[in-house]
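So the structure is just underneath, and the comments pick up after that.
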């Protein structure tokens, strides 16, 4: 035999770190995003779908959250102009494109410009378990609004979006903070704006508190930290005193809680926030004190939550002392909390948490994070809180890269895959969607008859299909129906056709009977019934509705 | 002053050939695709979202419809493995990825596998007016079904999808044909399967009949054709006799029409198709003849359409003579037409058209194309038919590249942008969607009051937002509302607040008054009214409903 000289066959694989999504993986995500889009739309946000491809120049050479050159993106050079061809890249998030779009179209866009965007982004990073190089983001941003009312609006909208997709109130909390507070703390600690590198190290250290705990962060603020594998991460090299100041900021909320548990309610003269004192005429220190104590008696527990917020505020006020920026930050958080409270987004949903700083360097003011508070079971069978599903904040300098003018902006990004996983964990996505009714083919020359049946079923709103494989082996047809998750199979052989009847097979019931050893209890409900052809649709409908 | 040494600013532009989509451009497309998805779902098709990035190996080195090396795709080499890094590329359509997905997951997928996919694809081609390098495709395919029932199903589903998005019956037609018929014609003309290059030239020549007309195709079948710019395209170099055979195939439908107009109804003894003769006992040549003539009297015009189909079939039968493949093709088209007719997809929607061959080389059997038949006005103000919005066919060899085994497959691709343009031309998309109600800011310290108003409006299902720009210049706020297309603006200054009222400004009415010179007729309906704060939502609702 002659030697086979054919080309080797291509491998049928997704590139490393990429994956395909099938059936309900696609439709459940689309359903979730469509509910979120409806909320964003109601808030006056407009859809934007920017090009997936950007010039590398427009994206900037660095990813915002890693300290590496443009390895983080998938990039290529335009071929048609030879060596001088422009470098293009796939977008790595939806924020950098927004800055480009706003700079490009600013004369045509309303100011402020509220927009939402949903779509895939690409990261040229090392893939890992559950970590893909293409994934969905879902962002909403307001560009051109300097007021914290814009930040508060984003938080309210986020709460509404979470509830719209099926996270009930009480199962989530939105933690808010402000970068300026941290800046004030660092100012007090003697780490000024002239030390951006140290500030960066401090920022990233604080951002890791969930994972490393207070002790780990303390090490990263000092000399550094050696992890379990023996690798050493060098720290910010702060003094013990400096570390103490930063840690007191970081633990302000926990400390405030402890104060209140111990009955220590401290007041900060002259500092009131409406969300604490609404509905109360505050005339003197006495009435403030009365009010604070009355909050402890609130049976809903929200009063105590308010009190924790207030006590946290006063602790932070003490830490930032005279720092202008620090006080500005605290006032901004207080204003946000007030605006939210008056719209009904109270302490059961929005809380002040100094440990929320968000890792990205570009945030300049308010930062926020949505956390799901219900417990799930982790890989090792241990219960843990579900954790963060969305985060964002104010970033006032992104557009400036293009135009030279600072444009205030604030926004939120929802982790689409994580939120979808949360809904699945809560059983809030459609349970394994039923497959189509399968009309089997007994007589391949009567395909038109079978097609007429599925057409009738679809007319009645029932998902249905004819078996289109080779009909010779009937067992294969039933195996196919099984693989499709079909609730019902229809059978019409020549003998049935002659008598004007069809066999309707209840596959769900059939599976139950097959599972169950004592057939007795099912004998009243045979899994296959014969009905006149004219009653086909009605019978299928009855089975699907659980009435047959 | 020191010289500015800063880096030049990046240009805020989309890469050449790419664009952004704003607001309703995004939401109208999503709404259309969601209606199509519902139809596909009802037919038992499952969603698939494959990775946007594929290995160049899996995509194949050639685009299916151009004769160039892989310049047609955006490709890059994986960096982490140096020169041996794998080449990756953005998908250029949704069919090549389906072949890869099916080959990769075939053991887990049902067989046959019906799937639909919607998403962007990328082409590294020279952009032009209305021709972008990123655009949407919307595909449905059945893999693993050899029967033409699968092709017929795709055509029925396409008709349902077009009607679901708002193309009424009568405004579209699905033209079907079969590649085997053309193969039979070429066999008769002496252009065998051993001349694939010539067959390719003939195929592409026929595919251009809409643009070049019969005369242009005739040149391309012969020596070649010089276009208006003077460029010469060489032809298939067929003899006059060969050209005559191909042209008689191509014009079979028009010729059949002419026959019937001239009262010439020809019969092909022994050739019947159910879609012509359904409900009629055909016993002899006489009853066939009676039936054919009776079709001419059908008042709906569908009878005549059927007759044209039948006459076209008989002409084709005559042309292909004894060619086995040719006769197979004709029988397959007839079977498809029968299957469709019995489900109610008759000659008013599905017609046989030999000039539909589809340019792509990979089709092996049935081919189909959906055309919108209503007229639009072209760029130069001339009326013309809207034309093709979807096309597809059977391709049995795509999966074979990976597995070595031929897997039968058939599918359809809808041109998303063209179909959306058609809906817009027909006024079937939502008219310029109204913007949000804008609550203006008269007193920046009372932002919470304004936020409470929009919260109330949203609760009532009304899209609403607070103005979040600098509120100092009130004129800017009204300009903003105008730019947003707001139907209503709300105004509440300190004086209104004190009296417990708000001003509700009907911006649509206001614009009409501004346009109209004779103010008289509007004086009974002032465009701005004062209402108690408690009646805000009711009043806005009344204006939106056109009742105020």
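Heads up, the Cβ atoms here are built off N, Cα and C, so glycines get one too.
TrEMBL entries are annotated by machine, without manual review.
What TrEMBL records for the L-histidine site is A:93, A:94, A:95, A:137, A:141, A:358, A:362, A:363, and among A:106, A:123, A:382, A:384 the residue it adds there is A:123. Residues belonging to the domain 'Aminoacyl-transfer RNA synthetases class-II family profile' (A:39-434) score a mean pLDDT of 85 in the model. Within the group of binding-site residues (A:95, A:137), the Cβ with the highest number of other Cβ atoms inside 10 Å belongs to A:95.
Long-range Cβ proximity for residue A:363 (L-histidine binding site), meaning a same-chain Cβ under 8 A and a gap of 6 or more residues, is found for A:179, A:393, A:394, A:395. Its Cβ taken as reference, residue A:358 (L-histidine binding site) is surrounded by 20 other Cβ atoms within 10 Å in the chains shown. Residue pairs drawn from A:93, A:94, A:95, A:123, A:137, A:141, A:358, A:362, A:363, the listed L-histidine binders, are separated by up to 21 Å at the Cα level.
Residue A:93 (L-histidine binding site) carries neither a helix nor a strand DSSP state and counts as coil.
A simple way to gauge crowding: the CB of residue A:93 (L-histidine binding site) has 19 other CB atoms within 10 angstroms, across all the protein chains here. DSSP assigns residue A:363 (L-histidine binding site) to coil, not to a helix or a strand.
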